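**Q** The structure under discussion is supplied below as structure tokens; questions concerning it will follow.
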Amino acid sequence: MSASAAFRSGALVSNAVSRAGAGYRSDPFAAELPLMLITPALFAANLVVARWAQGAGIPPVFLAFGRWMLAFLILLPSCGPRLWALRGLLRANWHRILLLAGLGMGLSVAPQYVGARHTSAANVGIIFAACPALVTLIETLVWKAPLSRRQAGGMFLAILGVLVVLAKGDVTALGQLEFGRGDLWVVLAACGWSFYTVFNKRLPLPPLPSTVKLAALIGGGALVLAPFAAFEAASGTVADFADGRLYAALAFLAVVPSLGAYFFFDRLVAAAGPARASLTVYLIPLFATIAAWPLLKEPPHLYHAAGFAVILAGVAVASMRRR
């Protein structure tokens, strides 16, 4: 969900957006460029490490739970006093916090990690790149938001690009609906992130300091995932606590994509503005594919390039403004 997300602009950076506001001034491009490269690289690291963790035999739901639990514990010393001071406001909005956390930290991450056991990091990143089209579809079907022909065409292209990746470029697989189960888990995670994005807009949390909101959602995500991690363990899929790779994966995921990526995205929004910052989501599949090749021995294929190109074309069509 991970990735994500960029996958994950949503509620976690809303305060950064409000601080930047309409009156921000962009720094020179040379100052923005490092942030525009570092941010998606950190988000892409989530996909690569999640895939590596499955090779190490780390239970996927426990990995998602442990990632958010450790990230929350890291934030607690600095955010704890403010969380306590705002406990009344947080308690009054507990249902919204758990809803957003369940979607953004739970449904968009745990199925992603389950899917990573059976599909490549490139597939995960490219499928998540279609989230803007899924958001448009959800807004249209659930909230009856108006849909122009241009948006409909762009959404169709983006979904077609995902189908190209799911079918690995095999047209006959599309006709027979023969997709890898790992990819379908990732589609579920992408739907979770898309619903999170929509609910963050339709049922937003009250104004909160950005770090407090981040800590509340991360803590809520760990709380939502806890019973599922317990069920996973009860079913026989138990983490090997004697394996050092478990702690390495949890520490990396908690620090780099869970906290570090949002820190740099926050700075990028302030420097370049929300519109330009959001474009970095489309670099995540590229970075994930490049990193997965040498690290995971997962070479890219032509269908990855074809599917990604169709998704980008769909997003471009849907984003065009009438002149």
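The backbone N, Cα and C atoms fix where each Cβ goes, glycine too.
TrEMBL: automatically predicted annotations, no manual curation.
From TrEMBL, for reference:
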| type | residues | note |
| --- | --- | --- |
| DOMAIN | 35-166 | domain 'EamA' |
| DOMAIN | 181-319 | domain 'EamA' |
| TRANSMEM | 33-53 | transmembrane segment |
| TRANSMEM | 65-85 | transmembrane segment |
| TRANSMEM | 97-114 | transmembrane segment |
| TRANSMEM | 120-143 | transmembrane segment |
| TRANSMEM | 155-176 | transmembrane segment |
| TRANSMEM | 182-199 | transmembrane segment |
| TRANSMEM | 211-234 | transmembrane segment |
| TRANSMEM | 246-265 | transmembrane segment |
| TRANSMEM | 277-296 | transmembrane segment |
| TRANSMEM | 302-320 | transmembrane segment |
**Q** Six or more residues beyond either end and a Cβ under 8 Å away: which residues meet both conditions relative to the transmembrane segment (211-234)?
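**A** Long-range Cβ neighbours of the transmembrane segment (211-234): 11-12, 14-15, 59-62, 64-66, 68-69, 71-72, 75-76, 78-79, 82-83, 86, 90, 97-98, 100-102, 104-106, 109-110, 205, 258, 262.
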**Q** Which one of these stretches, 33-53, 65-85, 97-114, 182-199, 277-296, has the most C-beta pairs shorter than 8 Å to the transmembrane segment (246-265)?
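**A** The stretch with the most contacts is 33-53.
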**Q** Out of 65-85, 120-143, 182-199, what stretch is closest in contact terms to the transmembrane segment (33-53), meaning most Cβ pairs under 8 angstroms?
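**A** Looking only at 65-85, 120-143, 182-199, the most contacts with the transmembrane segment (33-53) come from 120-143.
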**Q** Look at every Cβ pair spanning the transmembrane segment (120-143) and the transmembrane segment (65-85), keep those 6 or more apart in sequence, and say whether at least 3 of them are under 8 Å.
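**A** Contact between the transmembrane segment (120-143) and the transmembrane segment (65-85): absent.
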**Q** Given the model, what does the mean pLDDT over the domain 'EamA' (181-319) come out as?
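**A** Mean pLDDT for the domain 'EamA' (181-319): 89.
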